[in-house]
Amino acid sequence: MSREGFQIPTNLDAAAAGTSQARTATLKYICAECSSKLSLSRTDAVRCKDCGHRILLKARTKRLVQFEAR
C-alpha cells in the first residue's frame, strides 16, 4: 500500500475504545502448599495470596471431558 492510498481514520473514538477495554480473563489456580483457591489475571504475580508459595496448580474444568478408547 502506498502512502498516497493511506487515509487517516475518522472514527478515532471507536478505535481508542477497543484498545482501552483490555480483557481481564482470570484463570483459577490452587496453591500446592495451603490448597487455597485463587484467581490470577495475566499481570498478577505467580504467588499464593495467602501463604506466598510459588507453586500453583491449574484447577480442573467443570465440563465433562470424555475420551474414546481404542
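Here the Cβ of each residue, glycine as well, is placed from N, Cα and C on the backbone.
According to Swiss-Prot:
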BINDING   CYS31, CYS34, CYS48, CYS51  Zn(2+) binding site
ZN_FING   31-51  zinc finger
Same-chain residues near the zinc finger (31-51), Cβ under 8 Å, at least 6 residues beyond its ends: 24-25, 57, 59
Packing count at CYS34 (Zn(2+) binding site) (other Cβ atoms within 10 Å of its Cβ): 11
Among CYS31, CYS48, CYS51 [binding-site residues], residue with fewest other Cβ within 10 Å: CYS51
Zn(2+) site shell beyond CYS31, CYS34, CYS48, CYS51, criterion: Cβ within 8 Å of Cβ centroid: ALA32, GLU33, SER35, SER36, LYS49, ASP50, GLY52, HIS53
